[in-house]
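The compositional bias 'Low complexity' feature in Swiss-Prot is assigned to 51-68. Per Swiss-Prot, compositional bias 'Polar residues' is recorded for 83-97, 124-133, 1459-1468. According to Swiss-Prot, the feature compositional bias 'Basic and acidic residues' maps to 142-154, 855-879. Annotation comment: Swiss-Prot describes Thr1506 as pentaglycyl murein peptidoglycan amidated threonine. Summarising the annotation, Swiss-Prot assigns repeat 'Ag I/II A 2' to 236-315 and lists sequence analysis as the type of evidence. According to Swiss-Prot, the repeat 'Ag I/II A 4' annotation covers 397-478, on the basis of sequence analysis. Feature annotation from Swiss-Prot assigns motif 'LPXTG sorting signal' to 1503-1507.
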Amino acid sequence: MLQKCKLEGIIICNEKRLLGAAKVKSGRTLSGALLGTAILASGAGQKALAEETSTTSTSGGDTAVVGTETGNPATNLPDKQDNPSSQAETSQAQARQKTGAMSVDVSTSELDEAAKSPQEAGVTVSQDATVNKGTVEPSDEANQKEPEIKDDYSKQAADIQKATEDYKASVAANQAETDRINQEIAAKKAQYEQDLAANKAEVERSLMRMRKPRPIYEAKLAQNQKDLAAIQQANSDSQAAYAAAKEAYDKEWARVQAANAAAKKAYEEALAANTAKNDQIKAEIEAIQQRSAKADYEAKLAQYEKDLAAAQAGNAANEADYQAKKAAYEQELARVQAANAAAKQAYEQALAANSAKNAQITAENEAIQQNAQAKADYEAKLAQYQKDLAAAQSGNAANEADYQEKLAAYEKELARVQAANAAAKQAYEQQVQQANAKNAEITEANRAIRERNAKAKTDYELKLSKYQEELAQYKKDLAEYPAKLQAYQDEQAAIKAALAELEKHKNEDGNLSEPSAQSLVYDLEPNAQVALVTDGKLLKASALDEAFSHDEKNYNNHLLQPDNLNVTYLEQADDVASSVELFGNFGDKAGWTTTVSNGAEVKFASVLLKRGQSATATYTNLKNSYYNGKKISKVVYKYTVDPDSKFQNPTGNVWLGIFTDPTLGVFASAYTGQNEKDTSIFIKNEFTFYDEDGNPIDFDNALLSVASLNREHNSIEMAKDYSGTFVKISGSSIGEKNGMIYATDTLNFKKGEGGSLHTMYTRASEPGSGWDSADAPNSWYGAGAVRMSGPNNYITLGATSATNVLSLAEMPQVPGKDNTAGKKPNIWYSLNGKIRAVNVPKVTKEKPTPPVEPTKPDEPTYEVEKELVDLPVEPKYEPEPTPPSKNPDQSIPEKPVEPTYEVEKELEPAPVEPSYEKEPTPPQSTPDQEEPEKPVEPSYQSLPTPPVEPVYETVPGPVSVPTVRYHYYKLAVQPGVTKEIKNQDDLDIDKTLVAKQSTVKFQLKTADLPAGRPETTSFVLMDPLPSGYQLNLEATKVASPGFEASYDAMTHTVTFTATAETLAALNQDLTKAVATIYPTVVGQVLNDGATYTNNFTLMVNDAYGIKSNIVRVTTPGKPNDPDNPSNNYITPHKVNKNENGVVIDGKSVLAGTTNYYELTWDLDQYKGDKSAKEIIQKGFFYVDDYPEEALDLRTDLIKLTDANGKAVTGVSVADYASLEAAPAAVQDMLKKANIIPKGAFQVFTADDPQAFYDAYVVTGTDLTIVTPMTVKAEMGKTGGSYENRAYQIDFGNGYESNLVVNNVPKINPEKDVTLTMDPADSTNVDGQTIALNQVFNYRLIGGIIPADHAEELFEYSFSDDYDQTGDQYTGQYKAFAKVDLTLKDGTIIKAGTDLTSYTEAQVDEANGQIVVTFKEDFLRSVSVDSAFQAEVYLQMKRIAVGTFANTYVNTVNGITYSSNTVRTSTPEPKQPSPVDPKTTTTVVFQPRQGKAYQPAPPAGAQLPATGDSSNAYLPLLGLVSLTAGFSC
């Protein structure tokens, strides 16, 4: 079985058979071509780094920050780190791998010479196999092994020479030794026989002497054993008795110890309690002594000392008694126990008597209530108090009378001054009102002018900016146009010439039968990204892995073979994924091969579809594709399973593996483990290509490759149902028949079978075989092309059993093969633009359009604002008289308090320490009797020892001929390499954190080269740099002397080649090890939240290569960083709070309210940072771009604290009216961070960046800045929203906070004139006539406070300065809720509810001033989530003729707001005619001037009264009003 693997054209893969063996595709050349293509296509573009420029703007409040895909709101350098280049990925995947080695040569001349001589002496010489000393890595290990080998060669030579000499000497010595030994053997044997005869005679004599003393010894021994038994029994009895006595002693001793311990414990506790009690009594005595008279104290002290001496004497007697009893206890235990009992009884009786006595003393103390001396003092003080009280009362009465007289005079003068000032004020306010009205009109007109001017300026600046950009682009395009046009014309001319030449050869093999240029360049996209949408099911990567694992042989050999994948393993419920998951030879399968692209990395997403279901794939990040020279940005494919497919999977499922590279296409399979007859599988492909502007590309005869269409005896691969026109390649087996593209006339599998001219696979004996390979010269044999037009195209591709297309009669017969045999229902195909015909020219140049110069916009003419009129000068008012000062009353003397008398207490005597029992005497052990002495057995004379037969020395045999062996060694070395990563201060930063824009240096170090190495002819180091790393090539060259440095921008790789001088130094003495020098890469890291991983490759003499270790460093802003657990997004945060610390973001804020902005300086992600001093000196700043048009700074309230609540030191704050007003250093700092404040702003600056870094940054300590700002009063008059944003700037990198928006409600109080106090009656008689003596109301409608406001109301009042010459306040007013109110406890007060009881009024009728104020506790009880608005009705009576104007002031939380002005007129009343009984008479009552009003809770619908209590005229008010109404 074979899965075909190709990268170009429409590639179709299915089951193949070839004589029972696997069909192997030619892949070596293709792999090399792919590698070259990948190297050219995968360059990581570099971005120029300039602090003065950036890619985003934050000058407008609504401008979004670019680059937020990093998760960090960066204002400069916001881009996300690109994917690593394929070179970097491959290099790091092979980290520490080595290829080849450096051989080491050690001289063998000494050993060679030594091996020649031994044979002359008869010694055998043999050479062993060469010993491999291995391949070592460290050079010092090689330096160690070389002397070892050299020493061993010398040792082998010496051993050979020594073995030869030794053999010669051994042969001569052997014969002399043999003669000597034979002589010694004969002498020893004769002496032994003589000694043996003498010994035998002496043994007989000794036996006769030993038979006499034995019986006596045996009798003594028997008596000894009898005595021993008796003594042992006696000793055993004695020991038993001692043991019993010892046991009784141990028990008694333990009992006595316990009893004594208990007695001692009880004594010590009693003593401690007594001491504590006495200490308490002493303290009480000392306190009493301090409060009592000295004489009484001294008397009691003398008594105490007397009693104390007595107690101490008693205690001494007790101690003596205790000592006596203790001595008696130690003499006799039984008597002591009896005495102890008697002593205890006596002690307890004494203790009881003592307690009774103390109780009696306590009772006597309580009976004593006073002290005679203290009582006398108290009575004297009381008499003096009564005398002083009478004098004070008399003086205060006279003082009050004097004050009342002065007060009357003051009030009279005050009334006169106030009346005069009121008249002057009224005239002034009318003038101010007129001026303000005029200025309001001018201000509104000027505001409109400013808006029109600003809009005109903004439009102009936008047009001018766009014009300048277009002009720059125009100039650039104009400069480039001639070259582009010439290049395009040259290419078109070359294509035209090529097509003319091809027309001559169009009927020759391999040429397009209809010559055409290829306008579609679409061959390879390894970096493409794919997104999927499907009505089928997405599959998990783990499900694919499990399914491939059932192909055990290939899977165990790390080969992924889709052709063998069984679809049934993908049909489990838990195989379904919720999102796209990629699978392939990457990740944990890096290094595996696939039948799609051998060892190159392949990724694919998987879906499970049924007939008629689709998957739509969108391919982006295309790098290499063009149409007519114009970049292709996106391709969209819709893959649909053809409903007419005849595969036989019972579930109807088809697996689609959709490759991330769109030119690799799709693998489709319904294979369930069995070959199927009469089967087929087809996939419809609908596709659209898009240009760089996102517009569909309208193809005009673009060519799409149809390649590798195989036909065997039982299987046909084909294309059908396509939107284009088929173009045949001359000589190809592929044609078009019945709307299908396939090998129509012959098979094309094997030469000679079914008319095939070539074999699809390579055969060494067949020229032209192997056509089914992308790089085969005759790959056109199985290919064709389709010419496509229009934006939307389609083609269906698949594989089918031959029986579905042709009858058996139409099929060629191949001997030994069955045309109806089953096949796998699967296919791999791809669509791309690589046409297999020969010499097809490609269109690579886009036809340039002549640039058109843009038109410069005209600057607008701005309108001029009008000047405001001057306000009138406020008159000078008479100062009011100073109120009389009342002399303060004399203070009433304090009445003395009668004392409480105390008496001292006596000390309690200490308890007597008890006596203790004497411990028992331990028993004495009886000593054991001594055992009898055992009799001594008599000694016997030993028998003489017989002589020992001598050992005869063995005669040596002949000397054996030695074999001397020797061997040679071979040794190789693989010098190691090390990559190090340093900051600008040369500190190691591997697996650590440094700031964005930091300089990062990579040092490429190589170990010493060993002695005995071959000559070094080349020494090259290649470093594929990480994406987002900005190489400084010039600095790199300076830091790398001894190397030539070059940079390939396409692959983002820097290469170091040793100079001739460096090579000469390495080769100066090959017999000695040599140290290497190393180059250094210098550059900057440019991305937030990025990890920069890197290694390099060393290649020596093109024979030894090694890849280094991997180093990595991370920039802040990356969550879940395994190297830096504290790393996280850089998110400065801003929140608005009220004075109680409640967050008020988004809430309505009243004018005059202080916003407590809380700014978070987010530093926790920098914990453990290893940035260099150079970038630390760029500083640390926090910028608050506050709305100065709405807020006033409260710099006196600014606070900075750290995460632990401690005050932050070393940070200065400054505020600037605008960017232009800031110092140049601040402007430069903001410019580099790409931050443009809209107006005024604050800057918090770390005074000493290094100290700030050490204290807060490297420790990851977040800081909190509280910067209060008060809403300007004017905002309440106009209303409107204001917004606030902040920025933190760390290491020169800016990050934007969230935007905080609040709204200031417009407080717009209104005033009406009404005839009723009914809130439901909205009739307003403003501007109308009020009859003389008519009662009416001023309706004061307070400003509305919207719901969800930021802070509690604490002030809400109505101040009405009415014209008292025409209006008279009746003393009545009402307050009503204008909107529904919700209190904090949940109570709801409906609109229209009487709120008068929650108010209080102050009335000044003389000056026509009434102030109605809501009580603060009521206002604070209203929930901030509730709206608030109230209205007040002031009842008035018209008392004069004329026109009267009235305005009131609504005060809300300290800010005043003026209402509109109402005007009413009263004409002269008509003169009454003679009195007629039917005529109504008007009665006028003049109320007396009242006092300030304090309302009581409302009762029913009664009006509150503010006048004198004798307002008897009130019942007639209705009559008066009615009469007045008809009097004119």
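The chain as shown is numbered from 1 upward.
Cβ from N, Cα, C; glycine included.
Each residue in the repeat 'Ag I/II A 4' (397-478) has a pLDDT score, and their mean in this model is 85. A Cβ distance under 8 Å defines the sequence-distant neighbours of the compositional bias 'Polar residues' (83-97), meaning residues of its chain 6+ beyond its ends; these are 38-39, 42-44, 526-527, 590-591, 601, 1024-1027, 1051-1053, 1093-1097, 1106-1110.
In terms of DSSP helix, strand and coil, the repeat 'Ag I/II A 4' (397-478) has 82 helix, 0 strand, 0 coil.
Taken through DSSP, the compositional bias 'Basic and acidic residues' (142-154) splits into 13 helix, 0 strand, 0 coil. Secondary structure of the compositional bias 'Polar residues' (1459-1468) per DSSP, as helix, strand and coil residue counts: 0 helix, 5 strand, 5 coil.
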